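Taken straight from TrEMBL:
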type	residues	note
REPEAT	159-193	repeat 'PPR'
REPEAT	194-228	repeat 'PPR'
REPEAT	229-263	repeat 'PPR'
REPEAT	264-298	repeat 'PPR'
REPEAT	299-333	repeat 'PPR'
REPEAT	334-368	repeat 'PPR'
DOMAIN	351-467	domain 'PROP1-like PPR'
REPEAT	409-443	repeat 'PPR'
REPEAT	445-479	repeat 'PPR'
REPEAT	480-514	repeat 'PPR'
Amino acid sequence: MPSQLAFSSHPSPIHSLIFSSPCFFRNNHNKTQQGKLLLHATTLSFSVRNPSESTLSIANATDRICPNGVSIDRPIKEEPHSMDFDRRNTRLQVQNFVDRIRALPTSERIQIIHVFERERAFQNLSVFNDVLLALFIADEPDLALKLYCDISSYGMVPDSWTFSIIIKCHCKKNDPSEAKRVLEHMVEIGFQPSVATFTILINSFCRRGKLQKAVEILEFMGRIGCKGNVQTYNCLLKGLCYVGRVEDAYEFLMKIKKSSVKPDLYSYTAVMDGFCKVGRSDEAMELLVEALEMGMTPNVVTFNTLFNGYCKEGRPLEGIHLLKNMKERNCMPDYISYSTLLNGLLNWGKIHSALRIYREMVEAGFKVEERMMNTMLRGLCRRSWKEEGLLKDAHEVFEKMINTGCAIYPNTYGLVIQTLCVAKEVDKALMYLNEMVGFGYSPPRMITFNRVIRALCSEGRVDEALSILVLICEGRRIPSRICYNLLIDEFNQQGRWLSACTVYGAALKRGVIPHKRPGKYSSRKNAIVAFVG
């Protein structure tokens, strides 16, 4: 075998290729710098290390095949227990390759495979596996599979590590059936997959709701003498909950407790999530208590599961008590904790509690999404019609939305204007109405115009109210009967009967028949003497 010095003193074929191959030139004949750096780094880093495994030949591989099928009693070569690359040099080199792959434009990544196909540049199977792993980590499972298909042309055969990477690639592509076929072939030729490999495949089936297939893999593990660990069982627990089989998941959890493999916090959280999704949050809370009694420390994901359950069941106030308990255990809420609780409080009309959580969320440095900001502002506006103290809070939220550039929905804007009218802050209402129209928002609802006209008329500002009527007409909309009634009535009270007649005529012209008619207002009789009809 050539020495390490020999590898480093002579450029490999791929090293020479990156400076001369036309496939790494752009159309204007400028070299693709990212492609050069990627393949150059790959060659240098892989060629200088001592190969951990010599290149395998096809002839050597046939000795591992059992002609009459797999014998469980026959010694087989086990895969490393960890799916991670353990050697520090390998880890750094693979990560370096991953970074360079990701730096390449997506359209150029296929050229990596083309170069390898032409140059046959792999020093040994270990290098080949590291390239496969790097492609997988860089989210290029298709390229990894394409490279794997050509493994025989490099004079190599896959080992257990190769198969494990390929299984992971198929799972990443949401093709667990093909991954299962690779695993079965792996066992046939004398390799035993690790627990991690089995777990990845089981998880892939569970995420697609194929519980029966996942159970078959678990049974297959037992037949070849591979025992599942807590991660394996957690995948099955989550899969059972995913398809709604919460009772089965709970029973399975109890069986795990009695086995030599003890459940962890994730086991409990998975079943708690299943209970919460079917409206059984109290049972989820019982599991949390049980986990605490076993000495487990719940994390933010565990608490978020309960927040979600309580809010879905219309019990967001219990979520507030849970939030307090969470902090007492030195578990800090995250964005999901606050947003889930805030959304639940808003949906169930708990506006005071929602405002408190909102302020706490902002104080913690989190940004509330625009949908919830709009929902909260509308809730504050509606409630302020009965509770005047909330008007200040509504205005505070409204100003914050404007200052932070948060989008204000048209129906929210309209409700703010109506609220100001109810609170007799007509000038602000008029200002915001003009801003709303001037900023190009979709036209306010007619009820918003009615509120502004009513507020102006109640203060005797009928000419400004008339300008609102003109604004409606300029927007090519037909004013409501209420608009005309309010204006005609106010003109009558001010003795401006000609103006009242003009408004009445404009209404008839647009096909609207007001209930109020122009006439002389009589304070003595508290009645109108009609000029028409």
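In case you wondered, yes, glycine gets a Cβ from its N, Cα and C as well.
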* Chain residues outside the repeat 'PPR' (229-263) and at least six past its termini with a C-beta under 8 angstroms from it -> 195-196, 198-199, 202-203, 205-207, 209, 211, 214-215, 218, 221, 270-271, 273-275, 277-278, 280
* By DSSP, what is the split of the repeat 'PPR' (480-514) into helix, strand and coil residues? -> 26 helix, 0 strand, 9 coil
* Asked: Which sequence positions outside the repeat 'PPR' (264-298), separated from its termini by at least 6 residues, show Cβ-Cβ distances below 8 Å to it?
  -> 230, 233-234, 237-238, 240-241, 244, 246, 249-250, 253, 256, 305-306, 308-310, 312-313, 315, 329, 331
